Amino acid sequence: MQSARPIPPLPAPVRPDPVRDRWAAPMRLAIAEAALAPATGDVPVGALVLGPDGEIIGRGHNEREAVGDPTGHAEVVAVREAARRVGEWRLSGCTLVVTLEPCTMCAGAIVLSRIDRVVYGALDEKAGAAGSLFDVMRDRRLNHRPEVIPGVLADECGEQLRAFFDTQR
Ligand SMILES: [Zn+2]
């Protein structure tokens, strides 16, 4: 007699997410940008600014150690490059994609740049200013409030950071 073979468990269903799925491809590019940071001892955070038609007009990774600049966060680097390319400070119609929830400084820079949408990956519960510790970009007292889409490829983004911090111990 043949014993019944155990039925393997089904993999967790991958549910489509119409809000987040469309940002997965640019988030993968931001993750690739973040991977450039550890070469200089910088925490792997990567950011892109997409123009109104989805083209990349700015990119940056955390370069605080590389440049010795406390403001050298990925978002600020990407926003500066985008503004240079556009030729003005106003980035209306643009989207910023970043692997980690922006801090208060970056959230402030994003509001000042008039970027319309912020897409981020991992939550930063210790310093995040896009819903975790503060919610600067959706503060109704400010006159510009970008749309915020959190948690795009959050696991991949978080894993990249964890892997980096594991090597630092
Ligand atoms: Zn920041």
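Just so it is clear, glycine is given a Cβ too, placed from its N, Cα and C backbone atoms.
Model, not experiment: these values are computed from the prediction.
Pulled from TrEMBL:
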| type | residues | note |
| --- | --- | --- |
| DOMAIN | 21-133 | domain 'CMP/dCMP-type deaminase' |
| BINDING | H73, C103, C106 | Zn(2+) binding site |
| ACT_SITE | E75 | active site, proton donor |
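For C103 (Zn(2+) binding site), other Cβ atoms within 10 Å of its Cβ number 22.
Restricting the average to the domain 'CMP/dCMP-type deaminase' (21-133) gives a pLDDT of 97. Secondary structure of the domain 'CMP/dCMP-type deaminase' (21-133), assigned with DSSP and counted as helix (H, G, I), strand (E, B) and coil, comes to 45 helix, 24 strand, 44 coil.
Note on C106 (Zn(2+) binding site): other Cβ atoms within 10 Å of its Cβ, all shown chains, come to 28. Taking Cβ-Cβ distances under 8 Å and a sequence gap of 6 or more within the same chain, the neighbours of E75 (active site, proton donor) are A47, G60, L96, V98, P102, C106, A109, I110. Within 8 Å of the centroid defined by the CB atoms of H73, C103, C106, the record's Zn(2+) site, lie the Cβ atoms of A74, E75, V76, P102, T104, M105, A107, A109, A129, excluding the listed residues themselves. Neighbours of H73 (Zn(2+) binding site), defined as other CB atoms within 10 A of its CB across all chains, total 26.
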